[in-house]
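Novice: Taken from Swiss-Prot, the feature region 'Interaction with host PPIA/CYPA and NUP153' covers 189-227. The annotation region 'Dimerization/Multimerization of capsid protein p24' is assigned in Swiss-Prot to 277-363 on the grounds of similarity to another entry. Residues annotated as motif 'LYPX(n)L motif' in Swiss-Prot: 483-492. What Swiss-Prot records for 390-407, 411-428 is zinc finger.
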Amino acid sequence: MGARASVLSGGELDRWEKIRLRPGGKKQYRLKHIVWASRKLERFAVNPGLLETSKGCRQILGQLQPSLQTGSEELRSLYNTVATLYCVHQRIEVRDTKEALDKIEEEQNKSKKKAQQAAADTGNSSQVSQNYPIVQNLQGQMVHQAISPRTLNAWVKVIEEKAFSPEVIPMFAALSEGATPQDLNTMLNTVGGHQAAMQMLKETINEEAAEWDRLHPVHAGPIAPGQMREPRGSDIAGTTSTLQEQIGWMTNNPPTPVGEIYKRWIILGLNKIVRMYSPISILDIRQGPKEPFRDYVDRFYKTLRAEQASQEVKNWMTETLLVQNANPDCKTILKALGPAATLEEMMTACQGVGGPGHKARVLAEAMSQVTNSATIMMQRGNFRRQGKTVKCFNCGKEGHIARNCKAPRKKGCWKCGREGHQMKDCTERQANFLGKIWPSHKGRPGNFLQSRPEPTAPPEESFRFGDETTTPSQKQEPRDKELYPLASLRSLFGNDPSSQ
């Protein structure tokens, strides 16, 4: 890290660490951003040593700027970092990244005006491409520098590691900046595997070439002296054109950017291949119950990049599906943030959801709510013993018990009022529902019938003495009525049919 961090001196490092990442934000640039930019430049086959000077930063910006329209967020972050570092080298006072980009744009506009003024002064109105790999030598001739093995190695490594994931497309666009059709074919021929994907790419190129020929028919008549023939679809694909013709078309006045046209065809075919290698629809990307929100967002945007849709449709998918397909915990948090929340706010709010810390917080909040509700119910008296009134056995008043009674202690039993024993030893019985003490010490229990019903059949005839004898039941009934005058069911239920 030390070699990469030595890009800035002491004073430059102080100015670097005062610049904010976003206008009005709290985060500022640190050494780790320079280290990150160096590693990304190595991935893009660019010498990271160019960061040490303002001239090198200008060269890096010149290579990255054409790819900003089709590049990824990572490529834009790299461009912003290099632009800020350029302002530090040039001692341009900026407060944040946006001001640095504005300064770079002002310098580029000034340089363009100067170039146009110089061309007008010399009378040369032709705009000659100075982009690599087509450069102008000392004699003023446009020459081509072949694509470097290092660039080819980086491209092959990306294909081997990423196959045809969505990030392959911006990587191809960055490595093929300013390339001729011959350079692009060299990059495609270095891909050893994935021949099925390469065949799909060839079919897409042939379709686009046929469409080009249909929209750009050949003009009848001979070609004027000093002019070049118009390129056909096969010429743009590099199959029927030479390298000199390709350079001539790209540097002609007006130019025909055959390299850029061919690269658009290739990127169109790569989009179809990426779609085939990523069969998962964006509608199927859902956050797992224990999946961190950051991993879910990574999967969501990776699948979104493979979707063949316009930017407006992708923006709608992001605003709707990102929240809709989150798990219940994160969905509750995201809905509370509102529809205007940024991705950074969402990531910060859902950080740690699903982990042990989040579960512990949820459990603690639930326990605190239960405890608070129980305390409130106890304070209001809304508990189980709410309906029972406490009564003192000593003084007979409600609201306290005998243990806490302030009145003089009553002598004797609190139940029967007699002295000589306590309430726990009292033998006084409670009356049953018939109003009698149960069990009865005399005869049958009080809840039994106290009289027997008379039989409806005539009495048995006596053949011994010829006179009727009194039955025992008839003698027992008056005796029972004398012993239990209130035990008849007539006293409880009105007329008793058994006594009639």
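Cβ coordinates are placed from backbone N, Cα and C, and glycine is handled just like the others.
Provide an account of the burial state, proximal residues and distances for the features listed.
Specialist: Here the region 'Interaction with host PPIA/CYPA and NUP153' (189-227) has long-range neighbours at 152, 155-156, 159-160, 163-164, 233-234, 236-237, 261-262, 265-266, 268-270, 272-273, 276-277, meaning same-chain residues at least 6 beyond its ends whose C-beta is under 8 angstroms from one of its own.
Remark: secondary structure over the region 'Dimerization/Multimerization of capsid protein p24' (277-363) totals 56 helix, 0 strand, 31 coil, with classes taken from DSSP.
Residue counts for the zinc finger (390-407) by DSSP state, with H, G and I taken as helix and E and B as strand, are 3 helix, 2 strand, 13 coil.
Cβ atoms under 8 Å from those of the zinc finger (411-428) belong to residues 393-394, 402 of the same chain, restricted to positions at least 6 beyond its ends.
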Novice: Could you tell me the mean pLDDT the prediction assigns to the zinc finger (390-407)?
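Specialist: Across the residues of the zinc finger (390-407) the model's pLDDT averages 84 on the 0 to 100 scale.
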